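Annotated features, as they stand in TrEMBL:
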DOMAIN    53-327  domain 'G-protein coupled receptors family 1 profile'
TRANSMEM  36-63  transmembrane segment
TRANSMEM  75-95  transmembrane segment
TRANSMEM  115-142  transmembrane segment
TRANSMEM  163-183  transmembrane segment
TRANSMEM  213-240  transmembrane segment
Amino acid sequence: MALISEPATMSWEVSTSISQESDGLSADSICTYYKFSISVVVMGSLCIFGIAGNLLSLATLRVLHRASGSTGSSVILLITLSTCDLLLLAAFLILKVSISFCAYKNLCTGYYTPYFWISLYGWPTLSMLHCLTTWVTVLLTVHRYIAVCHPLKAKSWTRTSSLKYQIPLVVVAAIVYTTPGYLDYEAMQVVTEWGLTNQRVLTWLGANYWYQLMYKTICFFIFIYFIPGFILLILGAFLVQSITKAERIRSTMSGFKSGTSSAADDMTRIMISIVAVHLLTQPWEPLRTLMAEKFEMSITCGSFLFYFEEIPSLMAIINSTMNFVVYCFVGTRFRRACKQLCTGRRQTPLKFTESSSCQSENSK
């Protein structure tokens with residue numbers, strides 16, 4: 001699994017196997033350049049942009065949180081999501097981008113030993129961060145759904161004090177769920193033509209058939225993709241329906257202009273966009289696994305699956321990078337607060353509020 005553990009082919013294994021084949025055929029060169037272009041150039045650029053964007057998002061959201069008088073749970077959850085995205089992108093930069101860069105024609109001398117240990121424990125950590133990001137997105141969507149469509153329950157279910165228990169619960173659950181991934185492999189020193197070398201070998205747990213079937217396959221798809229995806233799809237549809245009705249009602253009420261937007265609607269549009277990006281970027285890993293295991297497609301150089309293998313990781317990076325873009329293009333108040341923060345102007349930013357778009361519907 002590209003995100004739940006290590007990739008099917010480690011970066012240095014790809015580079016080594018390609019370089020050792022018959023006299024460097026043109027097809028092998030294409031495979032090498034493709035891996036470098038996607039894993040280093042594209043992913044590296046996105047990671048750097050995403051890290052910078054999430055850092056700026058954190059600073060801007062903290063300004064909005066102070067402006068909201070510490071009453072908005074959505075802003076706190078957006079801060080949590082930006083933190084998770086930041087850590088996930090940093091992990092990708094270390095585990096995927098830097099290793100691929102060093103593996104390309106052995107650009108970094110002596111990189112194998114330190115990166116061997118980083119990869120051994122880094123991929124389960126990356127899996128944990130991916131799981132955490134997914135369920136924080138679900139928690140944020142549930143909060144927004146309650147605030148928008150069940151405003152009478154919002155005070156008891158989405159108040160800021162409840163996050164003191166909800167966020168740690170999600171973090172602990174993600175850690176507990178992904179902990180077995182640290183036990184999949186162990187390091188073993190073997191004698192090779194290059195001397196004493198560390199190699200990864202499956203532990204008794206990692207080699208167990210039922211563990212691979214139940215935990216690594218069935219539970220992986222249910223708890224990381226199916227359940228979160230189903231919840232986000234349903235609640236996202238309710239949010240779209242709610243804000244559409246609110247805009248229709250607002251356009252018929254006297255005293256409102258067609259372009260007027262409340263702070264609650266601003267937050268709801270951000271949430272809908274986050275859900276849409278998440279749903280579009282998540283199905284690629286199940287599709288990759290289906291092709292690799294169900295149809296037993298080859299992953300050798302030049303095969304379709306060889307090129308497709310990088311797509312799930314690329315989509316996960318795009319998902320964590322796009323949130324800042326969503327905030328800027330969809331969030332009017334975020335964009336204004338970010339501009340004030342960058343220019344240093346001391347103006348009172350507009351607030352994100354927890355008031356519901358449905359309140360206007362209920363009042364009619």
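Glycine is no exception: its Cβ is also placed from the backbone N, Cα and C atoms.
Please treat TrEMBL annotations as automatic predictions, because they have not gone through curation.
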Task: Intrachain residues whose Cβ lies under 8 Å of the transmembrane segment (213-240), provided they are six or more past its termini - done: 1, 3-5, 130-131, 134-135, 137-138, 141-142, 144-145, 148-149, 177, 180, 268, 271-272, 275-276, 278-279, 282-283, 285-286, 289
Task: Intrachain residues whose Cβ lies under 8 Å of the transmembrane segment (75-95), provided they are six or more past its termini - done: 43-44, 46-48, 50-51, 54-55, 57-58, 61-62, 64-65, 68, 118-119, 122-123, 125-126, 129-130, 132-133, 136-137, 139-140, 143, 160, 163, 167, 270, 274, 313, 316-317, 320-321, 323-324, 352
- [ ] Determine which residues of the chain contact the transmembrane segment (115-142) at the Cβ level, with the cut-off under 8 Å and only residues 6 or more beyond its ends counted.
- [x] 1, 3-7, 10, 12, 74, 77-78, 80-81, 84-85, 87-88, 91-92, 94-95, 98-99, 102, 166-167, 170-171, 173-175, 177-179, 181-182, 184-185, 187, 198, 200, 223-224, 228, 231-232, 235-236, 239, 271, 274-275, 278, 282, 316, 319-320
